[in-house]
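Engineer: Dumping the structure here so I can ask a few things about it.
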Amino acid sequence: MKNIALLGATGSIGTNTVDVVMAYPELFKIVSLTFHSNSEKGAELIERLKPRYVGVGSEKIKAELTDRFPDIEFGVGAEGLVGAAIYEAVDVVLTAITGSVGLLPTMAAIEVGKDIALANKETLVMAGKWVMEAAEKNNVNILPVDSEHSAIFQCLEGQKVDNLKELVITASGGSFRDLTRDELKTVTLEQALNHPNWSMGKKITIDSSTMMNKGLEVIEAHWLFGTDYDKIKVVLHKESIVHSMIALKDGAYLAQMGPSDMREPIQYALTYPDRLPIKNELAFDLTQIGQLNFEPMDFNRFPMLDLAFTVGKKGGAYPTVYNAANEIAATSFIDGKISYLQIEQFVQRAVDHYQETTEVTLSEVIEIDKQTRTIVERWIKEEGRL
Ligand code: NAD
Ligand code: MG
């Protein structure tokens, strides 16, 4: 029996994780979970999963649910996230929350020796150096849930590090892949949320369309696999069938393929190194798909991908700034406060504004994350469209 802490149980990855767990109740148990604000869905999950510890977003939700579930221990805000992550019985923490708010519980879990099944890529972008160092020190596995990284992880199995030539991350292109930059000026939130291949949370769907998501994934791959940025390539692959590839020095390419179904990488992160049949398997027939296409990424069309390599190579807190500015800008677009192209403008401006002169510590990185949010929020207040 594997005991799981599920951070962000009400979201898209959270829901897929619950499906995986419920398919094998004799193997998996969610002993702690968190959710932020959807107390109706949260209460439903508590009924179904019977966790022992629940982290929620507000005192109000805690009061409401304590009346209903008196036997469960509740925690609020950051304390609730950490409480769920380090809950004693937990073996593995699945980080399915959005944003760098995931850093604190992830670090806390690593420090007490819990394995991490990592969906929350923003954490690794913000503080990859410290997360990976802590994982190594505490002998903790970081198992990728992001489909591209799960694919690379699977391809790398049994390979010697020396044999690797490069990682090839595939990108679907997001909702606006066929639009020109000029056409992007007038796009709406509704159009941006209409992803061609994947059904996901709002923020990651916006990030896919701006190619911020791929940028975050490049930095995530750098930390997860210890690969230099000049050995990480991105190709446009509209079908999202090849989830990513590795190229080996003798010219061989290994690719991992499958349907667009997040249950597969989630389940593999929980069963690794074993595999289990997936329940309610999605249809997958290459003869029906017929063709797979690969195209070069246009860095002028997708400047946020170009910027990811720039901030990644600069290192320090540059990726922190890139991520924090985007978290504020993407959320502000979702909230109708800025236009679509302003997302990129604010991210670029935050990165240009930031000057790093000395090596940064983790506590400085946390401070820089906060400062960036404040600055970008101020810019948006002063200059946002609405
Ligand atoms: P989502 O918006 O559907 O769900 C987010 C979850 O986080 C919810 O349970 C919500 O309650 C919780 N949450 C939100 N803000 C919070 C806060 N401030 N404090 C505590 N909890 C908070 O998001 P998602 O699509 O499931 O994505 C979750 C993470 O997984 C993201 O980092 C995303 O990049 C990554 N990811 C998602 C997918 C996917 O298919 N959805 C694929 C790969 C990686
Ligand atoms: Mg991905």
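Cβ from N, Cα, C; glycine included.
TrEMBL annotations: computationally assigned, not manually curated.
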Engineer: Among Gly174, Gly201, Gly215, Gly226, which residue does TrEMBL name as a further NADPH binder in the site formed by Thr10, Gly11, Ser12, Ile13, Asn38, Asn120, Glu122?
Structural biologist: Gly201
Engineer: What does TrEMBL list, out of Ser100, Ser172, as binding the same 1-deoxy-D-xylulose 5-phosphate as Lys121, Ser147, Glu148, His195, Ser208, Asn213, Lys214, Glu217?
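Structural biologist: The candidate from Ser100, Ser172 that TrEMBL ties to 1-deoxy-D-xylulose 5-phosphate along with Lys121, Ser147, Glu148, His195, Ser208, Asn213, Lys214, Glu217 is Ser172.
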Engineer: Output, ordered by sequence, the same-chain residues six or more apart from Glu122 (NADPH binding site) with a CB under 8 Å from its CB, or 'none'.
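Structural biologist: Glu122 (NADPH binding site) has long-range Cβ partners Thr98, Gly99, Ser100, Gly102, Leu216, Asn323, Glu327.
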Engineer: Filter the binding-site residues Glu148, His195, Asn213, Glu217 down to those with CB closer than 6 A to an atom of ligand 1; keep them in sequence order.
Structural biologist: none
Engineer: Of the binding-site residues Lys121, Asp146, Glu148, Asn213, Glu217, which sits closest to Ile13 (NADPH binding site) by Cα distance?
Structural biologist: Asp146
Engineer: Cβ under 6 Å from an atom of ligand 2: which of these binding-site residues qualify? The list is Thr10, Ser12, Asn120, Lys121, Glu122, His195.
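Structural biologist: None, by Cβ distance under 6 Å.
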Engineer: What is the interatomic distance between the Cα atoms of His195 (1-deoxy-D-xylulose 5-phosphate binding site) and Thr10 (NADPH binding site), given in whole Å?
Structural biologist: 20
Engineer: Please give me the CB contact count at 10 A for Asn120 (NADPH binding site), counting all chains in the structure.
Structural biologist: 29
Engineer: Counting Cβ atoms within 10 Å of each candidate's own Cβ, which of the binding-site residues Thr10, Ser12, Asn38, Asn213 comes out highest?
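Structural biologist: Counting Cβ neighbours within 10 Å, the top one is Asn213.
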